[in-house]
Amino acid sequence: MKLGFVGAGRVGSTSAFTCLLNLDVDEIALVDIAEDLAVGEAMDLAHAAAGIDKYPKIVGGADYSLLKGSEIIVVTAGLARKPGMTRLDLAHKNAGIIKDIAKKIVENAPESKILVVTNPMDVMTYIMWKESGKPRNEVFGMGNQLDSQRLKERLYNAGARNIRRAWIIGEHGDSMFVAKSLADFDGEVDWEAVENDVRFVAAEVIKRKGATIFGPAVAIYRMVKAVVEDTGEIIPTSMILQGEYGIENVAVGVPAKLGKNGAEVADIKLSDEEIEKLRNSAKILRERLEELGY
């Protein structure tokens, strides 16, 4: 089984490392415009792998042909979000990068599924889908899984125990919200305080250390695992919607079933209030796409 990563910076390389540690990988390919970085990270990963008696083929470089045969390609390349910058501020800067990456992936690894991480992630997921021409089950985005990890951490610290399900859905950004009707845990919490904490905690991490790294890496690993091991796990995922929840022609976070065919929207009922919030997220994202000519 082969994994591809476009972007060998901190999120891309840490995600590759997390997958290397936890999955049965035959090959990993790292592609980055900074060729030396990609080669160096590949070498470092290979040395780490040998320490746990794993010897997959690990390659790095700037040539997209390295991605050929990847079961799934994780795209983290793009300009990073800076302190004080919203995810949507990044849209104009990263849209051109994603458009170019989409073309190169299709030319070199047309059968691969694509997991988009580059922010603003929902907008970039839609652009990747549109520019690649791939079926919508093969292009999806990571955002709400990370938000949901943050939610679980906040819930636990607020007194929740045995957290069986806790999901954030909607935009990976300011209009995201807790799917309270689907939450399942023991104990009582102050939902308003918890939701407010989750909404702003990423900015706090960025303010203190410059970027979020470990949280995204684990979220990416969880989604990659579900695909390559065909687990069918339901994970909050940015999906291209074509009528689901009364939403069309936009990528937004909803519960999705992940497996060998990629991602498909899960048949899960939301409350009327949650559907309204989801449609609000979708409206905001559609407006951003229109500003970019999509």
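Every residue gets a Cβ built from N, Cα and C, even glycine.
Counting only same-chain residues at least 6 apart in sequence, those with a Cβ under 8 Å from the Cβ of Val117 (NAD(+) binding site) are Gly7, Val11, Ser15, Val74, Val75, Thr76, Gly141, Met142, Pro216, Ile220. The annotation NAD(+) binding site is assigned in Swiss-Prot to Gly7, Ala8, Gly9, Arg10, Val11, Gly12, Asp32, Asn94, Val117, Thr118, Asn119.
In the three-state DSSP classification, Arg150 (substrate binding site) falls within a helix. For Arg150 (substrate binding site), applying a Cβ distance below 8 Å and a minimum sequence separation of six or more within one chain yields Ile168, Val198, Val201, Ala202, Gly215. For Arg81, Arg87, Asn119, Arg150, the entry in Swiss-Prot reads substrate binding site, with the evidence type similarity to another entry.
The annotation active site, proton acceptor is assigned in Swiss-Prot to His172 on the grounds of similarity to another entry.
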Cα separation, His172 (active site, proton acceptor) to Asn119 (NAD(+) binding site) (Å, whole number): 9
His172 (active site, proton acceptor) and Asp32 (NAD(+) binding site), distance between Cα atoms, whole Å: 24
